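As recorded in Swiss-Prot:
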DOMAIN    104-287  domain 'ATP-grasp'
BINDING   Lys141, Glu178, Phe179, Asp187, Arg211, Ser212, Asn213  ATP binding site
BINDING   Asp248, Glu260  Mg(2+) 1 binding site
BINDING   Asp248, Glu260  Mn(2+) 1 binding site
BINDING   Glu260, Asn262  Mn(2+) 2 binding site
BINDING   Glu260, Asn262  Mg(2+) 2 binding site
Amino acid sequence: MKLAILSRNSTLYSTRRLVEAARARGHTVRILDPLRCYMRIAADGFSMHYKGRPMTGVDMVIPRIGASITRYGTAVLRQFELMGARTPNPSDAILRSRDKLRAHQLLAAKGIDMPVTVFGDNPDDTVDLLSMLGPPPHVVKLNEGTQGRGVILTEKASASRGIVEALRGLYANFLMQEFIGEAKGADLRCFVVGDQVVASMQRQAPEGDFRSNLHAGGTAVAAKASRAEQQVAVRSAKALGLSVCGVDLIRSARGPLVLEINSTPGLEGIEAACGVDVATRIIEHVEKLRKP
């Protein structure tokens, strides 16, 4: 199989591991910087060039598209899809996952539970919007933030109103959620490949913080996801159309709640914490996708 990995940095752990796993299973692999891919779109067909040369015959594309290049990266991926390449995470599915509000709407439509979420635009509606959310603490999230960035905890209603006013003054898109205190700064990252959770780890926020993301200083240990948690993770991935993703859950008094779905989950933290060869599981999965 001729496999392309869309990644801006060939030295990243996740990219290197996917290359190693693919080559170990006999596949031809090439790393492509999405920003060096450019395309021709016409009624007579689609074509892709990379650094001055045409890209043809690609069977499978594994996207490792960072949030900062979501629009261009998904356009490149879509072009490969239109040229007949397969992918575990289609361009439209990635776009769904990167828009937190849209993702939550799609999950809720499938009956998947999450922290209560509110969204509004007009400053005149702020007081009523917060009443729909319930008493503080509140969590404010930028709609397209990643790795724990753009997430704020407010302890008082006045602070929530102040943050809302400030973000609206910056024309930022954001949503607000209830704070789940019983989680105590911990969440569960379930790594979904195909129809199953292949590894899971508990991430714990550092002292004085509530964000458990590893990029925000959180720590991780292997953790067993319950059957219910695994089912929620797989259902969430399917709701967005993803077959390789990280689903972040919190354990609450009313059961597992979905926080976020990451369509480009890192491999380093989960492989180190769990001792699972996640990269090979991904390659085995895309082999099945390629079969007629």
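Backbone N, Cα and C atoms are what each Cβ position is placed from, and that goes for glycine too.
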#### Entry: Intrachain C-beta neighbours of Lys141 (ATP binding site), sequence separation six or more, cut-off 8 angstroms
Lys100, Gly150, Val151, Ile152, Phe174, Leu175, Met176, Gln177
### Task
Looking only at C-alpha atoms, tell me how far Glu178 (ATP binding site) is from Asn262 (Mn(2+) 2 binding site), rounded to the nearest Å.
20
### Summary
Three-class DSSP assignment, Asn262 (Mn(2+) 2 binding site), comes back as strand
## Note on the structure
Quick note, Phe179 (ATP binding site) and Asp248 (Mg(2+) 1 binding site): C-alpha atoms separated, nearest Å, by 15
### Query
What count of other C-beta atoms do you get within 10 angstroms of the C-beta of Asp187 (ATP binding site), across all chains shown?
23
### Task
Work out how many Å separate Asp248 (Mg(2+) 1 binding site) and Asn262 (Mn(2+) 2 binding site) at their Cα atoms, rounded off.
8
### Separation of alpha carbons, Asp187 (ATP binding site) and Asn262 (Mn(2+) 2 binding site) (Å)
14
### Task
Between Asp187 (ATP binding site) and Glu260 (Mg(2+) 1 binding site), find the distance joining the two CA atoms and give it rounded to the nearest Å.
11
### Query
Across the domain 'ATP-grasp' (104-287), what does the pLDDT come to on average, as a whole number?
90
